[in-house]
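A.B. asks: Below: one structure in structure tokens.
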Amino acid sequence: MGNTTSSVLDNIVQGSNFDREEVDRLRKRFMKLDKDNSGTIEREEFLSLPQISTNPLATRMIAIFDEDGGGDVDFQEFVSGLSAFSSKGNKEQKLRFAFKVYDIDRDGYISNGELFIVLKMMVGSNLKDQQLQQIVDKTIMEADLDKDGKISFEEFTKMVENTDVSMSMTLDQF
């Protein structure tokens, strides 16, 4: 990673919401996280960050960053994943990231089972499974406008349109 060529960095800058200086700072952070100098960040290295390890959705976040499903995150995936959180990221990018949290199988829809799994990660044992399932069923019923039993990205967008996703998913400093 230390030998990242200028043209590779330029391509990463072009494909993200970051400028060259921000990408360089991210590269330095990436290198610190890559404790074994493998050029990728493994799950355990991600979880060594206190901000990540205490997040109930940490495993989902890592899976979203790992775009190719290889089990680790390379620098390009790292920048791409963080790009949605940039103040220069638009609302759709932030909504797509939020949608991916729930779309575990990456089929473009949130199923009843996927919604249950992710909400279970968030509430833990604070709700009984039966109570949680009722919430999931009600959410699917309300959000599923075309009545196909699952939530598409468009339906998800309509469901959260009155919440300020842009503000809650923006980090000021990189």
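Keep in mind that glycine also has a Cβ here, set from the backbone N, Cα and C atoms.
The Ca(2+) 1 binding site feature in Swiss-Prot is assigned to Asp34, Asp36, Ser38, Thr40, Glu45. Per Swiss-Prot, Ca(2+) 2 binding site is recorded for Asp66, Asp68, Asp72, Glu77. Taken from Swiss-Prot, the feature Ca(2+) 3 binding site applies to Asp103, Asp105, Asp107, Tyr109, Glu114, supported by sequence analysis. Annotated Ca(2+) 4 binding site per Swiss-Prot: Asp144, Asp146, Asp148, Lys150, Glu155, in sequence order. Annotation source Swiss-Prot lists domain 'EF-hand 1' at 21-56, citing sequence analysis. Taken from Swiss-Prot, the feature domain 'EF-hand 2' applies to 60-88, supported by sequence analysis. According to Swiss-Prot, the feature domain 'EF-hand 3' maps to 90-125. Annotation source Swiss-Prot lists domain 'EF-hand 4' at 131-166.
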A.B. asks: Which state, by DSSP, holds Thr40 (Ca(2+) 1 binding site): helix, strand or coil?
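C.D. replies: SS state of Thr40 (Ca(2+) 1 binding site) = strand.
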A.B. asks: Other than Asp103, Asp105, Asp107, Tyr109, Glu114, which residues of the chain come within 8 Å of the Ca(2+) 3 site, judged by Cβ distance to the Cβ centroid of those residues?
C.D. replies: Tyr102, Ile104, Arg106, Gly108, Ile110, Ser111, Lys150
A.B. asks: When you measure from the Cβ of Tyr109 (Ca(2+) 3 binding site), how many other Cβ atoms are you left with inside 10 Å?
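C.D. replies: The answer is 19.
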A.B. asks: I'd like to know the mean pLDDT over the domain 'EF-hand 3' (90-125).
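C.D. replies: Result for the domain 'EF-hand 3' (90-125): average pLDDT 94.
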A.B. asks: Quick one: of the binding-site residues Asp36, Glu45, Asp68, Glu114, which has its CA closest to the CA of Asp148 (Ca(2+) 4 binding site)?
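C.D. replies: Checked the binding-site residues Asp36, Glu45, Asp68, Glu114; minimum Cα distance to Asp148 (Ca(2+) 4 binding site) goes to Glu114.
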A.B. asks: When you rank Asp36, Ser38, Glu45, Asp144, Lys150 by Cα distance to Tyr109 (Ca(2+) 3 binding site), which of the binding-site residues ends up on top as the closest?
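C.D. replies: Result for Tyr109 (Ca(2+) 3 binding site): the nearest of the binding-site residues is Lys150.
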A.B. asks: Setting Asp34, Asp36, Ser38, Thr40, Glu45 aside, what same-chain residues sit with their Cβ within 8 Å of the center of the Cβ atoms that define the Ca(2+) 1 site, listed in sequence order?
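C.D. replies: The surrounding set, listed in chain order, is Leu33, Lys35, Asn37, Gly39, Ile41, Glu42, Asp72.
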A.B. asks: For the binding-site residues listed here, Asp36, Asp144, which shows the highest count of neighbouring CB atoms within 10 A?
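C.D. replies: Counting every other Cβ within 10 Å of each candidate, the maximum falls on Asp144.
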A.B. asks: Neighbour count, 10 Å Cβ-Cβ cut-off, for Asp146 (Ca(2+) 4 binding site): what number do you get?
C.D. replies: 10
A.B. asks: Do you know offhand how many angstrom separate Ser38 (Ca(2+) 1 binding site) and Asp103 (Ca(2+) 3 binding site) by C-alpha?
C.D. replies: 29
A.B. asks: If you count other CB atoms within 10 A of each CB, which of Glu45, Asp68, Asp103, Asp105, Glu155 wins among these binding-site residues?
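C.D. replies: The residue with the densest Cβ neighbourhood is Asp103.
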A.B. asks: Other than Asp144, Asp146, Asp148, Lys150, Glu155 themselves, what residues in this chain have Cβ atoms within 8 Å of the centroid of the Ca(2+) 4 site's Cβ atoms?
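C.D. replies: For the Ca(2+) 4 site, the extra neighbours are Tyr109, Ile140, Ala143, Leu145, Lys147, Gly149, Ile151, Ser152.
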A.B. asks: Tally every other Cβ atom lying within 10 Å of the Cβ atom of Asp66 (Ca(2+) 2 binding site).
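C.D. replies: Excluding its own Cβ, Asp66 (Ca(2+) 2 binding site) sees 21 Cβ atoms within 10 Å.
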